[in-house]
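Single-structure report; data block below.
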């Protein structure tokens with residue numbers, strides 16, 4: 001009699017293996033039809049039901065494997081970087097996962113569980129993706145070939161910047177949790193030296209560091225017309241955005257992740273500010289006089 005709720009006990013597996021052995025022996029002797037014909041209709045229906053059940057189990061097993069590989073492709077940074085350009089094989093995903101785990105083990109087991117290290121890893125990957133998109137835009141939309149001076153300067157600058165940021169993040173990896181602004185290589189409340197307003201007077205060309213408070217004060221006095229574009233003074237940090245979450249909607253693992261992320265508040269000073277020279281109306285006039293299309297980002301690249 002057929003059971004209403006079939007189980008997947010060891011007896012079923014043994015019976016399935018016995019049936020497979022009988023089929024193989026029948027194939028070898030050429031007596032497959034006679035072997036099946038000797039069974040009763042009840043036994044034949046049970047064999048077909050078990051085969052159908054085995055196919056369902058095999059399909060579920062393959063689905064679990066594919067879902068796990070998809071999660072690994074999303075979680076492992078090296079696999080996540082390559083998934084947009086080419087299709088990864090299962091062996092490649094597993095190899096990247098093994099390499100990533102070895103790297104974490106070498107780093108002391110802190111790398112992937114460190115919120116700052118995780119954010120820096122994906123920030124580096126995102127910057128590389130943006131760099132590739134800029135190169136595609138220059139070649140496809142702007143029509144600039146690989147030997148164009150503007151394209152060479154821009155791509156070279158972005159490559160150098162990415163390499164410097166990766167080297168800086170690697171140097172700070174052993175210092176524990178750092179504020180988000182340290183990922184940019186300068187203090188969050190101080191603007192980038194290349195984006196500070198340049199003065200033509202000789203008193204601002206001294207040997208003072210761009211991050212020196214007195215140097216910042218002289219620059220502020222030399223350019224009083226752009227108060228909104230200057231960063232806050234070095235005595236205090238800029239406005240901070242706290243991470244706001246609802247504890248009642250998060251599971252315990254997510255709560256621990258949010259707690260670790262709350263140690264790194266975002267600061268408006270971390271984002272690079274534009275120089276007032278970049279907003280001056282003389283840039284379009286100069287570009288028009290040269291007979292070239294106006295590219296405001298092209299005029300700024302020459303300073304690097």
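Every residue gets a Cβ built from N, Cα and C, even glycine.
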- Stated Swiss-Prot location of region 'Disordered', expressed as one of 147-190, 191-234: 191-234
- Note on the structure: Its residues classified by DSSP, the domain 'Orange' (122-158) shows 29 helix, 0 strand, 8 coil
